[in-house]
Amino acid sequence: SSLSSLYTLIFFCGFFEEVWKSAEIIKDYKEGDTVLHLKLEDETISFCSTLEYSIGPKDNPLPFLRNPDILVGENDLTALSYLHEPAVLHNLKVRFVESNHIYTYCGIVLVAINPYEQLHIYGEEVITAYSGQNMGDMDPHIFAVAEEAYKQMGRDEKNQSIIVSGESGAGKTVSAKYAMRFFATVGGSANDTSVEEKVLASSPIMEAIGNAKTTRNDNSSRFGKYIQIGFDRRYHIIGANMRTYLLEKSRVVFQAEDERNYHIFYQLCASSSLPEFKDLSLSKCAEDFTYTSLGENIFIDGVNDAEDLVKTREALKMIESHQMSIFKIIASILHLGNVEIVSERDGESCHINRDDTYLNHFCRLLGIEQEQMEHWLSRRKLVTTSETYVKNMSHAQAVNARDALAKHIYAHLFDWIVEHINKALHTSTKQHSFIGVLDIYGFETFEINSFEQFCINYANEKLQQQFNSHVFKLEQEEYMKEQIPWTLIDFYDNQPCIDLIEAKLGILDLLDEECKVPKGTDQNWAQKLYSKHSNSGHFEKPRMSNRSFIVVHFADKVEYQCDGFLEKNRDTVYEEQINILKASQFQLVADLFHDGKDSGPPSATSKSSKINVRAAKPVPKGHNREHRKSVGTQFRNSLHLLMETLNATTPHYVRCIKPNDYKESFVFDSKRAVQQLRACGVLETIRISAAGYPSRWTYPDFFNRYRVLMTKKDMTIGDKKQVCKNLLETLIKDPDKFQFGKTKIFFRAGQVAYLEKLRADKFRFACIKIQKTVRGWLQRIRYRKIRKSAITLQRYGRGYLARRYAEMLRLTRAALICQKQYRMVQVRREYLRVRRAVITIQAFARGMFVRRLYQEFLLHHKAMIIQKTVRGWLVRKKYLHARNAAIVIQCFYRRVRAKRQLKQLKIEARSAEHFKNLNVGMENKIVQLQKKMDNQSKEYKTQNEQLIVTNTALGSEVTKLQKELETFRIRQTAGTQVTSLQEELEKLRVELQEAHAQKKQIEEEFSNEKQGLKQNTLLKKEKEEMNRRIQNPTQGEFQASESHVELDEERQRYQNLVKEYSRLEQRYENLQEDLSSMKFHPGHRRYPSNQSSLGSDSNYTSISMSEEMGIEKAAMDLSVFMKLQKRVRELEQERKRLQTNLEKVEELSKRKAYTRAKNYLPSFRLCSSNLLCLQRQELETENKKLKNDLNELRKAVADRASENNSSNELQEGYNLLLNQLKTANEELDVRKEEVLILKTQIVNSTRQSENINHIVSLKTSPPLTQDWGYLNEDGELGLAYQGLKQVARLLEAQLQTQSRQHKDELEALHTQIELLKDNLEKKQEMLDHFSTLSPEALVEFSVQQEITRLTNENLDLKELVEKLEKNEKKLKKQLRIYMKKVQELEVSQATRSRPELTRQVTVQRKEKDFEGMLEYYKEDEALLVKSLITDMKPNVVSATVPCLPAYILFMCIRHADYINDDQKVHSLLTTTINAIKKVLKRNNDDFEMTSFWLANTSRLLHCLKQYSGDEAFMTQNTAKQNEHCLKNFDLAEYRQVLSDLSIQIYQQLVRIAEGIMQPMIVSAMLESESIPSLAGVKTMGYRNRSSSLDCESGGPAGYTLQALVRQLGQFSNIMADHGLDPEISQQVVRQLFYSINAVTLNNLLLRKDVCSWSTGMQLRYNISQLEEWLRGKNLHQSGAVATLEPVIQAAQLLQVKKKTSQDAEAICSLCTALSLQQIVKILNLYTPLNEFEERVTVSFIRDIQNRLQDRAENNQLLVDTKYTFPVLFPYTPSVLSLETVHIPASLSLDFLTRV
């Protein structure tokens, strides 16, 4: 058949540079063709589009076929269908470069590729994830190999070995270190010896003294080591032992270019400045020493030698106190290298200068004699049978001897350190089994290969032989176990090569023989090899050299240079130098070279089998050369011992590969990788597997994978095994291509690819059929849609055309009308235009004619005007002339007549009658003036009389004012009443102003309260909105606030401390099991307030009264309180100010009374009278103002009442207010009368005082002394004065009281007026508002108003109830105190009368009453604890009240508190706590028992809080429960102890539940098929997840999701049955769901086989089932769903598209709970189960990394499975009353008495 019929057309073609390249055939191949037409996959051949690949039987065979893409990137190379070198290389490259997976299985071998980068895959959480897992279940890892070895050691009771090999720089040491770290973590020591820490601490020591920098590796191990880690019967580490092989001693004295000596030398030089290293005389720079400067590069990038020395010194502490001695020996080697050997002139001898500083330092540090060492460094001793000679050495011989001594010292020091490390790791406990970790060099080949490479390759030949035989053995065992016929598999046997090296007369034997020859040379030895082994198939002689030979090893041909073989094999050190070292004054140096180290061959139990050159015995005539063993012999013996150990154990192989020689991270050099794969035996494993049946499927997996190829008839058969057989016999005709085993089907190479091709064809055919059907269905739907659309379009089109035609008709008719109208308009316009033109012409013509006519008329008119004017002028001129002539004539005539009249008047004036007529009016005027003068004289007299009267009145007034002045003076001395009245007036005025101010303030407060009510409305709306948000939280609102996070962190830290304390306490109890346990006695204190005999009743009463008063004051209105306080302060200040002014005035008046009385008395009286008048006027004015204000207020009230006269309530209020005003007015009139009477009395008293003062003044003068004695003879005036003074004070007090009452009444009236005004305004606003509202809104508003009114009434009632309750509490507290006194008195009387225990009756009550207490005898305490705790079973009290033991214990504690028995309370609580701890320790894996005691412990804690008497815990108590509070003791300390105990029980409960669920999670969440037939199955290779299982039992059965849900339901039901608080149950469920998330996600991140689309679908379905379970149990608000968010996002990540940048953006926004490492890991692990799926490209992953590189997150890959949320025990008081608790008889608590 042609190649086109195969599954794939991609080949691997050989190239020199790339070794293998992928190519695709582009032209069909037929048998007989000599050329294949190929196209390279990467298209690197640019000179032609195709590649012609020659094939033929003689040239090149057909190229290797590449595996299907679905198999590329497999975890196990043996799972590949085509097993060959290019397939292995390609699979490793894809995993390493694209997916960044450094581990890959190859059958039983773990291939580890050095990434040259620090990866976060070795943390403790990864160790936890791999611990307990089967090897094939997880992704390849060094931890998986270590777990496999650990598990097989326990299951098979057989020792194990892990063989780590590879060339320098491949990562062998790191792999071995991580394997030991796994054993130290998983198998930690059971006691405190910390052996695992010592095992890990040995690594820094061995790296310092055995590792060095080479050209291939900066930290290359220059020795091999085999570490045996010992375990006891419980598989805990008890000790360890280390063997070392072939230390590279030559590196001490020589390093190649760009290499370094051992690290310890450079570490000492870098730290030489430390004070403790001053004695070493080292230089800071290592270049100053010959042995550390030969490589010319003393530094390593990124390495700090000084810091490394600190780690080395810390690790060296396990070697007791030899640290400085070791450093001295190492420093002496450096000084020895700098000793200068001076050659003599003859060239045959040499010497050393006596003043050589380095030799001095060398001898001083080693404690040897300098002269002897100087002598024997340049001379040697020759011993013969007869005598001994001392011979000088040449310069070269002396230098070689010096270097040999340095190597010898270092080698012995290395062995000594290893030996003491083994001593530190040794244990006296019997070792049950061990696991060995072999870290040994891999196959090496260089340009120049010497003795070291020969030994290394010899060791690898032995290991490869053991490896081949083990692999072959496993293959044959697998075939035999499955009972299939098999033939002997031919595999490469390298025994001939081993015989060539180690057999008799082999290479090593001939080398030892040549070393014994006195004149033996390397050339003679080479000739012997040529002559002896020239016929061997594994030995060749180079064509161009006679000083080298070629050995054909299993990996490659290696040419060895013979130069130096003899010297290195002899390893000669002169005895004289060794003897000097043996005589050292330092014990350590002497012990290094003790004779005991040279006696006998190394035993199997020796701590080191390294190359040791031993000094001869100090027998003078003895010859010790034959007693020495050569290096080759020693190495062969140690290698045989190692092989015996490995053959006695079960080996596990780790092959380390170096990807490139440039130490670049994740760069894969195919050529170098192939060389190492061939050298380490991986390809040999592939060849052995390919020779048999490499592909293996279990029957269920094969059935699930290939059932698509079966017929419906085959599916009806119940036996899946028979169905698989029938199918294979049908599909594969050649029976040799497959075999049926007991549990598996075995396939030859390529058959799985063929089956995959058939399966793909079937799927392709099914896809085509589905596509055909779907496309036909889509086309039919499309046709129907098109037809329907066409019909619709036609219907709409025809309608459109019809409407368009109708529109056309309408438009036509409209056009005709428009035309008609338009034409009419046009014609009319034309007519009008012509008409206008005609009219215009006519107008202009007529105007012209009229203007012409007008001009003619104008000319005629102007002519007429001129004529008229001329004619008028002529007439006026004529008239004026005539007029003037007439006037002249008249003037002359009148002058004549006047002259005649004047003459006649002159004659008449001269007569007497004329004078008489003139004097008639003058007499009348004279008479009038006389009368006026008489009247004025009378008025003058009247005014004089009035003036006299006025003067008389003024005199009397002056006298009166003088008297009033005297009265004023007396009133000033006796407490001037007028001033007080004035002050009272001022006060009234101020208070009136304050009333107005308060009115304004109340109005402002009212407006503010209105604003506050509006704000309250807004706050209520916001509160309702927040409540809605809380009830419907979104995904982003799951995160808690910062304060909650800080509280959780603090709580978590505290609970971690509690957990640590619990662990320490458990450990203490374990250590003290055989001793008497110390009981826990927490402190207990009694406060004086709690003691019954420390205070009197009055003390308690006063305290309670003060508390109640404080509460009532706190309940007052704060604003009113502040106003009152402010008013009091102001009044107090005013009073002080007035008092001060009064005192000053009194002092001033007393001081100046007598001096100013006489001088200023008249004026003072006048001023006083004026002042009194002014005061009276002011009082009257103020009174008028007050009346006016009152009238205005009355008028305003009347107006408002008239405006709202419709309201009866307002009318009544107005009438009431009016009556009150009338009453106030009447009272005011009465007060006025009293004031007038008082004024009269004051005036009288003032007059009497004036008289007294006058008498006093007379008395003070000497002449008047006798008169005073006469007037005051009996002291009557003084007594009268005192009486008047007292009367004045009394009246003043009464007046002040009345004025104060009047002011209060006035203020009350003002307040009522203001309130009425406010009510009226509110009512008016409501009426206005009512008038604008609709009927519905009016009803709603009325309802709201009624609700508001009822709410206010309820609040008032509530305040009243609270006050009554406080009163009641106060009285109860007093009653309780008195009851306690009575109880104490009765108890003291009863104890004196009866010593036995009796019931204490404190208050007379009925017998049926039960106070919720249980009484017991002290000696019954142990029985009580035994019955309630030690022997208690949860099912015994399952039918009773939940947490019944807790209630019973608390009732017993109550009685002990009731009788004030401190010891009883202390003993019962301590015994209870210790008993609960013991029960939990005994049932540390019983979930039911732990849940039971968690519920009871928390309930006992809640009871101690609920009945503690603390008001914070009594808010939800009933009155009866408050009566049951503890009386005497404060048990706060015990509450803390119980809280800590509850935390410990909670942690134990979570640990038990997680332990039960742990084996179920992975199987239920990832492996079980919740959705049948969804998951695909892939071939699993050699391991197939069964290598770690017991072959007989088949391993544990898989768990389903239903089993996990049932287990969760069982946990929930148990906690609910035991009465555990729902909040605690929710926290337990949350923690368990976190564990489910952590385990599931960790396994998903470590398993390639489950990272697929189908697994994502299954996982999402499983999570939805868990969420459904939470909703069914009403636990969806516990926060458990939030803990599943990472695994939910991981499932979504597996399902989303992963191609474009939009997909990358969607993934970044989706996976917020996953870290960048987790996202990249899942994308790298994503594996298509079908060829129709596509892999995730590297560029897509890089895009994701670039987008998320700024995300702040931790670098942890796996989730911490040990994380525990901080637990919170919320206070939940019990609603159960203690007196109702019933104790069942089944508890056998008859010794308890109800009280």
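Each Cβ is built from the backbone N, Cα and C atoms, and glycine gets one as well.
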> Given the ranges 527-561, 912-946, 1052-1086, which one is assigned the annotation coiled coil in TrEMBL?
Replying inline: 912-946
> Among 335-357, 588-610, 611-633, 1025-1047, where does TrEMBL put the label region 'Disordered'?
Replying inline: 1025-1047
> Using the Cβ centroid of G166, E167, S168, G169, A170, G171, K172, T173 as the reference point for the ATP site, which residues of the same chain not in that list have Cβ within 8 Å?
Replying inline: N114, N217, S220, S221, G442, C656, K658
> Near the region 'Actin-binding' (639-661), which same-chain residues lie under 8 Å Cβ to Cβ, leaving out any that are not at least 6 residues past its ends?
Replying inline: 92, 96, 106, 108-116, 142, 145, 148-149, 152, 156, 158-172, 175, 179, 216, 226, 243, 245, 436, 438, 442, 458-459, 462-463, 466-467, 470, 602, 604, 609, 667-669, 672-673, 676-677, 680-682
> Out of S168, T173, which of the binding-site residues has the smallest number of neighbouring Cβ atoms within 10 Å?
Replying inline: S168
> Once the chains shown are all counted, how many other Cβ atoms turn up within 10 Å of the Cβ of G169 (ATP binding site)?
Replying inline: 21
> Along the domain 'Dilute' (1470-1750), what average pLDDT does this model show?
Replying inline: 85
> 10 Å Cβ neighbour count around A170 (ATP binding site)?
Replying inline: 26
> Can you count the other CB atoms that lie within 10 A of the CB of G171 (ATP binding site)?
Replying inline: 24
> Since the record lists G166, E167, K172 as binding-site residues, which of them has the fewest other Cβ atoms within 10 Å of its Cβ?
Replying inline: E167
